[in-house]
Amino acid sequence: MKSIETILIMAIFTLFLSGCVEKEILDDINLIDGIGFDYVDGKKIRGTIVFPIFIKDKPPENRVLTGESLLKKEILQDIQLQAADPIVTGSMEVVLFSKELATKSGITELMDPFQRDPGVGSGIYLAVVEGETKELFEGKYGVRGNSTHISDIIDENIRNEDLPKTNLQIFLADFYSEGKSPFMPIIKKKSKDVVELTGVSFFNKGKLVETISSDKMFFFKLLVDKYSEGLHRVKIEEGEAAIRSIRSVHHYKLIKKNPMEVEVTIDVQGIINEFNGDKMYPNLERKLNKQFEKEINQECLALVKNFQEKNIDPIGFGHFVKTQIRGFDYKKWHESLYKDLVVKVKSNVEVTEAGVIQ
Amino acid sequence: MSVNIPVTNKISPFLVFYLIHTMQVGVGMLGFQRIIATYAGTDGWISVLLTGVILHILMWMMYKMLAIVDGDIVTVHNYIIGKKATKIVCIPIILYFCLFAISVLRTYIEIIQVWMFQELETFWFALIYLLLVIYIIYGGFRTIVGIAFFSIVLPIYILVLFLFTVPFADFSNLLPIFDHSIGDILKGSRNMTFTVLGFESILLFYPFIKNPKKSHKYAHLAILFTTIVYLYICILTFSYFSENQLQKNTWPTLTMWKIIRLPFVERFEYIGIASWFLLILPIIAISIWGTSRIIKQVYSIRQRRSVLVISLLCLIGICIPTTRSEINMVTDLTAKIGFYFCYIYVPILFVATLIKKKVKKS
């Protein structure tokens, strides 16, 4: 008898409890999947949100709303005045910053709400936009909505092409790390229905300080990602070959401590995708290997030199040296050690296959 | 001296494994990494190992002590200082177990409020939860053990899901090993107390174990398993976050789940936090049951009645702290009292029992 009473009481309370929190029905909310920030003036920024509207038997339409304000949450409030349903951040895919904003006022303050909001996942992509984010969102790309399309482009380039691994989590980990500086991919609206990945941008204390173009990305990825893939064109006298690296591994080694010297060894295993010369023969392959190695050494070293000059460390030399030395002092590192660091790049390229023809 | 429990109410020795492990793994697991890293940094995993070793020693002491008196913590006190003094000494212990239940449930409600439903009323949720707990306790000790068993077996898949963080982890974060002094590592170990508390519940349910000598190895296995689980999570956390980023996150474990994305569920935290409902259920149940059991032994009050009163006290206690800092204060206080209780008071009791035994013999 007693247990029945308990069950009854509990059932009644369950009814009460279900009324305790607000309901969110999928059809009655605006589930935004992209947000972009533009520079207005020294104080104000403009926010643009995009959310898909699903229509039967048709690709989703993108609805774009904008608002201007000082804080990200205020922007959402401002936008809310224009929206019929509550704005919810639960399925965010991309966050974009205009290059102007990232260079002039930096993004440090804008990052806070994305960490604080429990609804935003760590796997979302961040990117810098050449031009205005509002303009970019107003285009119409792909069949799955704008934000999904942009995140698909970044995803594909990370998995199979030259873009190093990145997302909100990796960006934040680098952002807070003393021995590494964060980076973001750069995208650009090419035409009304095409978006393109154009390079990588580098940040120092939340401000964009340096960019590289997409043809340098391959070398950057070799340096940053432990295992990477990608495609690079190599030119020799006999013709030009497109070599796809299918497996590459890098190793860092601290060989001298005073002055500090780091040796980077990069092993690349690749296949030839395309060759416009007359004929492939073993000697040619060796020549391609040599040329490829030379280019890797040169380009990687040039990248590192450039980073050192700009006092940014997206490759994470600081982090690496710290793992090698007990009681490492980051202060000293930032003051002088990093600038004086000697980096040597060694590479081994091995082209294993040349496709199905000779 | 010994306590008589009918055989039908006793449990098999191997179930001790589930009981102790379930008591240890609770809300602490969601945020302990940050707390140990404040002192020990990325050497925090050494603190975890160290804690594991200390727990083994304490567990051995408790078993030794309980075997001598063949009873629970009340019997131990009766044995050493007599019945009258026990009545006073047991009050802090009763309060401690109440506080333990309060801080676990309050932290859990806070997590729901921060991560899922901001509007959730602490009072109503706590009331329903405690009603469920009372219902379980009324089912008897064996029902509680059953819940403990399921609270481990059902959510165990979550451990596998932590592997989602591996592609984004940088294991070189853990290097260089021993970058911190032994003192810092010990401090980290001390900060971990709240996370591993709960193993002292053996002091309450020891008389309910059939053939308690046989259960000794299962108790140690439970502690070993807890240590391994924490070590595993610790290493993944330290390689996933950079050190300063870790300090920014109140519940690193939950933040780690943010990376999990499955085809059928966008946000895993919701499932994870809901699983924790089951995980902390036996913790609350055993704490309240244990308190009522002490009260029964010391003051001869029926458990059915005292459980209601204790639950009411817990309900009030849960509703008092409202902000993050207040809740933090409650957990800190629990950790501190737990630390002194387990790491200092229990060894004292152990030594006292040994001396008393010698005195009695001669």
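Heads up, the Cβ atoms here are built off N, Cα and C, so glycines get one too.
For B:12-32 (among others), the entry in TrEMBL reads transmembrane segment.
If you look up TrEMBL, you'll see B:44-63 (among others) marked as transmembrane segment.
Sequence-distant contacts of the transmembrane segment (B:93-116), counting only residues of its own chain at least 6 positions beyond either end whose CB sits under 8 Å from a CB of the stretch, comprise 26-27, 30, 73, 122, 125-126, 129-130, 194, 197-198, 204, 251, 254, 269-270, 273, 276-277, 280, 283-284, 287-288, 290-291, 294-295, 310, 313-314, 317-318, 321, 324, 327, 330-331, 333-334, 337-338, 341. Feature annotation from TrEMBL assigns transmembrane segment to B:93-116 (among others).
As annotated by TrEMBL, transmembrane segment applies to B:122-141 (among others).
TrEMBL lists B:148-169 (among others) with the feature transmembrane segment. Within its own chain, the transmembrane segment (B:148-169) has Cβ neighbours under 8 Å at 15, 18-19, 21-23, 25, 229, 232-233, 236, 239-240, 256-257, 259-260, 268, 272, 275-276, 278-282, 286, counting only residues six or more beyond its boundaries.
Residues or ranges marked as transmembrane segment in TrEMBL: B:189-209 (among others). Here the transmembrane segment (B:189-209) has long-range neighbours at 2-3, 5, 9-11, 13, 16, 19-20, 22-24, 26, 28-29, 32, 35-36, 38-40, 47-48, 50-51, 54-55, 58-59, 62-63, 66, 70-73, 75-76, 97, 100, 103, 141, 215, 219, 222-223, 226, 230, 283, 286-287, 289-290, 293-294, 331-332, 334-336, 338-339, 341-343, 346, meaning same-chain residues at least 6 beyond its ends whose C-beta is under 8 angstroms from one of its own.
The feature transmembrane segment is assigned by TrEMBL to B:221-241 (among others).
Marked as transmembrane segment by TrEMBL: B:273-295 (among others). Tertiary neighbourhood of the transmembrane segment (B:273-295): same-chain residues 19, 22-23, 25-27, 30, 72-74, 90, 93-94, 97-98, 100-101, 104-105, 108, 111-112, 115-116, 129-130, 132-134, 136-137, 141, 144, 147-148, 150-151, 154-155, 158, 198, 201, 204-205, 254, 301, 303, 306-307, 310-311, 314, selected by CB-CB distance under 8 Å and a gap of 6+ residues from either end.
What TrEMBL lists as transmembrane segment is B:307-325 (among others). Residues 98-99, 101-102, 105-106, 109-110, 122-123, 126-127, 130, 133-134, 137-138, 250, 284, 288-289, 291-292, 295 of the same chain, all 6+ positions outside the transmembrane segment (B:307-325), place their C-beta atoms under 8 angstroms from a C-beta of that stretch.
Residues annotated as transmembrane segment in TrEMBL: B:337-355 (among others). Note on the transmembrane segment (B:337-355): residues 54, 58, 61-62, 64-65, 68-69, 76, 79-80, 93, 96, 99-100, 190, 193-194, 197, 199-200, 203 of its chain, located 6 or more positions outside it, place their CB under 8 angstroms from a CB of the stretch.
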Go through B:44-63, B:122-141, B:221-241 and flag the stretch with the largest number of C-beta pairs under 8 Å relative to the transmembrane segment (B:12-32). B:221-241
